Amino acid sequence: MLVTVEVSCGGAVQNNLTYFMSPGFPELWGGEEDCNITIEKTHAGIMQLRIDFLHFTIGQPNRTTGDCDEDAMILGDGDSKFTLCGQNHGQHAGSEKREDSDLPGSKTINLSMRMRAGDMPRIWLMRLAQMPLAYTAPHNCLQYYTSDNGTIKTFNYASNGRHLASQDYKACIRRNSGFCSMRYTPCDSRSFRIGPGSGTPLVMDPSGML
């Protein structure tokens, strides 16, 4: 049975579909205290956690390093933790609970909203879905796109956004029935940029196919 609940700071997620929101949502929040929740695995058949960022605006990463060293969302602990900051409306991310990860050993995972960027307006609304095996993304896919078409963006992709550090992950696309190929096209002349170690970043012609 699908049960939907809402939680905020200090709450515990004990259902397979939960909405985690900033204090006072939908109003902007200017608090400086951390906001943490605990996500409890609902049953043994849960293999992944999917987070959809319906609203997400917190502090930007470090201008020089790209690290989220002030405001940050931190999912999990240790080497497997996932860190995010900036503007990420419409993005999503998955966290695996497979037996070879550090997540199933304990039946909980921590999600922390660390507030260090001073007095600034913040807002978030996340949909947390615990996924059984039949609905999981392929192994090691942080993002999983299932529609026939769509847009893949880096995290914190915005007009004033900065590229985040340590962005080595897989964005996977499901092969849907009746399709045999995929076409990737930059949205505009500046939307696909890969910079080398120094010099001018490489820019892909928007009319080109990757």
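Easy rule for this one: first residue shown is 1, then count along the chain.
Cβ coordinates come from backbone N, Cα and C, glycine included.
If you check TrEMBL, you get these features:
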DISULFID  C68-C85  disulfide bond
DOMAIN    9-87  domain 'CUB'
Measure from the Cβ of C85 (disulfide bond) and count the other Cβ atoms within 10 Å, all protein chains considered. 29
10 Å Cβ neighbour count around C68 (disulfide bond)? 26
